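> The following block contains the structure, expressed as structure tokens.
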Amino acid sequence: SLSTSGPFPFRVLPPFPWERAVSRAAVLLRVGAEPARERRLCTLEQEPCLDGWEYSRDVYRSTIVTEWNLVCDNDWKGPMSTSLFFVGVLLGSFISGQLSDKFGRKNVLFSTLAMQTIFSFVQIFSTSWEMFSVFFLLVGMGQISNYVAAFVLGTEILGKSIRLLFCTLGVCIFYAFGYMLLPLFAYFIRDWRLLLLALTLPGLLFIPLWWIIPESPRWLISRGRFQEAEDIIRKAAKINEVTAPDVIFDPSELQDLSSQGQQTYTILDLIRTRNILTITIMSVILWMIISVGYFGLSLDTPNLHGDVYVNCFLSAMIEVPAYIISWLLLRNLPRRYSMAAALFLGGCVLLFIQLVPSHIRALSILLVMLGKFGITSAFSMVYVYTAELYPTVVRNMGVGASSMASRLGSILSPYFAYLGAYDRFLPYILMGSLTVLSGILTLFLPESYGMPLPDTIEQMLLVKG
């Protein structure tokens, strides 16, 4: 396809380079043609591709583009499918916190796991792009909902030392492992329906976990269900071969918690007091900026020279050391300084890219990967930090609202990459500047390192300054 938009006419590849649409109605335009000739070309009548298209099968055997001819006038539908998935993720981030705080972490976790698996399976039998996209949106809602619910459940049910291990290495390292497995699956399974089936079937492995994973005792206590919470704690003590005390909950404390547990909390409680409002605003800004940096740098992966599968694998592999470093930092150093250091590293490295000579490509790639290393580390730590700042009664809503801001950042990130068409350094300057500013913002959050998790809004740590 040919484009004459902008100051210079230039050749534009089809939406997917491996899917070249061949048309009898092709129009040839010499690069560098005079503006007057360009204007005359725009007035010519064009006809559609009457004889259909033939697609290259060198890289992929079948995709949704080849399935429903998402080229030429329909080429906007390809990226729109991804946008609709992120819309589903955005909606899921918004409602998952409220549902989990109302109906319980375990119930929402397994309900949304079933939702993701069922709709992903139905997606395989899509007969149109519209049907595929609708179910893709629903899959996005289920995916982020069970991710947030599982994260909060692990945060509340595990001890302090194991909780940190779960939130960093447990969640993030296995996320990176799954990320690295994706290009491996895609390399051997080149048909999109079979690939989607292979990615859906592991969802069935979660069914037996219903009888293994307990509900959060902290959530049960916040709802006044003390006996159920005590039963879970005694069962855990028995499994761990620890002798539980005769009285787990002090009667006076139960009376206070009972009165608090009868309260109903909504999303408005995240802005009820000045302190929690300040923490909510700062968390939303922090998550959004980190998401812009993470996904903005991930969009650079296709621009690397080499095999697309190898590039995808390398993009995932760089996250493994980032998660390990974040775990070590969170284990031994205060949260604020650990996150700020990671953000300063990622932001400053991105700002230095503009100083690298254009002929030293390897150094530019190295700096980009180092920038992703820093931002990925911060992305891992911000989950732990946010979960520790919010009290039990609204913790899932707080993490969900922050995750919703992160989804907004992921939607904005392609536009940051698009600015590279005007200046190849502009995306890095913007992402680097925002990342450094977010590092400064982090220094004003309260420090939760070594502090007990708050259960009520009144127990929350105060913002610095």
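Glycine is treated like the rest: Cβ placed from N, Cα and C.
I grabbed these lines from TrEMBL:
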- 1-450: domain 'Major facilitator superfamily (MFS) profile' (DOMAIN)
- 78-96: transmembrane segment (TRANSMEM)
- 108-126: transmembrane segment (TRANSMEM)
- 132-153: transmembrane segment (TRANSMEM)
- 165-188: transmembrane segment (TRANSMEM)
- 194-213: transmembrane segment (TRANSMEM)
- 276-296: transmembrane segment (TRANSMEM)
- 308-330: transmembrane segment (TRANSMEM)
- 337-356: transmembrane segment (TRANSMEM)
- 362-385: transmembrane segment (TRANSMEM)
- 425-445: transmembrane segment (TRANSMEM)
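Are these features on the surface or tucked inside, and what touches them?
Within the chain, the transmembrane segment (78-96) has long-range Cβ neighbours (under 8 A, six or more residues past its boundaries) at 15-16, 64-65, 70, 108, 112, 129, 132-134, 136-145, 148-149, 396, 400-401, 403-404, 406-408, 410-411.
Tertiary neighbourhood of the transmembrane segment (132-153): same-chain residues 64, 77, 80-81, 84-89, 91-93, 95-97, 99-100, 105-106, 108-110, 112-117, 119-120, 122-123, 126, 167, 171, 213, 216, 383, 387, 395-396, 399-400, 403, 407, selected by CB-CB distance under 8 Å and a gap of 6+ residues from either end.
Only residues 6 or more beyond the boundaries of the transmembrane segment (194-213), in the same chain, are considered here, and those with a CB under 8 A from a CB of the stretch are 106, 109-110, 113, 116-117, 120-121, 123-124, 153, 182, 185-186.
Cβ atoms under 8 Å from those of the transmembrane segment (276-296) belong to residues 269-270, 343, 346-347, 350, 371-372, 375-376, 378-379, 382, 386, 389-390, 394, 398, 401-403, 405-410, 412-414, 416-417, 427, 431, 434-435, 437-438, 441-442, 444-446, 457, 460, 463 of the same chain, restricted to positions at least 6 beyond its ends.
Counting only same-chain residues 6+ beyond the ends of the transmembrane segment (337-356), those with a CB under 8 A from a CB of the stretch are 290, 293, 326, 329-330, 363-364, 367-368, 370-375, 377-378, 381-382, 385, 425, 428-429, 431-440, 442-443.
Counting only same-chain residues 6+ beyond the ends of the transmembrane segment (362-385), those with a CB under 8 A from a CB of the stretch are 151, 155, 164, 167-168, 171-172, 286-287, 290-291, 293-294, 297-298, 300, 304, 315, 318-319, 321-323, 325-327, 329-330, 335, 338-339, 342-347, 349-350, 352-353, 356, 399, 402, 428, 431-432, 435, 445, 448.
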> Report, as numbers and ranges, which residues of the same chain sit near the transmembrane segment (425-445): CB under 8 Å and 6 or more residues beyond its ends.
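Those are 279, 282, 285-286, 289-290, 292-293, 296-297, 335-337, 339-344, 346-351, 353-354, 368, 371, 374-375, 385, 389, 416-417, 419, 463-465, in sequence order.
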> So what's the average pLDDT for the domain 'Major facilitator superfamily (MFS) profile' (1-450)?
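Summarising the domain 'Major facilitator superfamily (MFS) profile' (1-450) by its mean pLDDT gives 78.
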> Residues sitting near the transmembrane segment (308-330): Cβ under 8 Å, six or more positions beyond its termini, same chain?
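Distant contacts of the transmembrane segment (308-330): 59, 164-165, 167-169, 172-173, 175-177, 179-180, 182-184, 186-187, 298, 301-302, 338, 341-342, 369, 372-374, 376-378, 380-381, 384.
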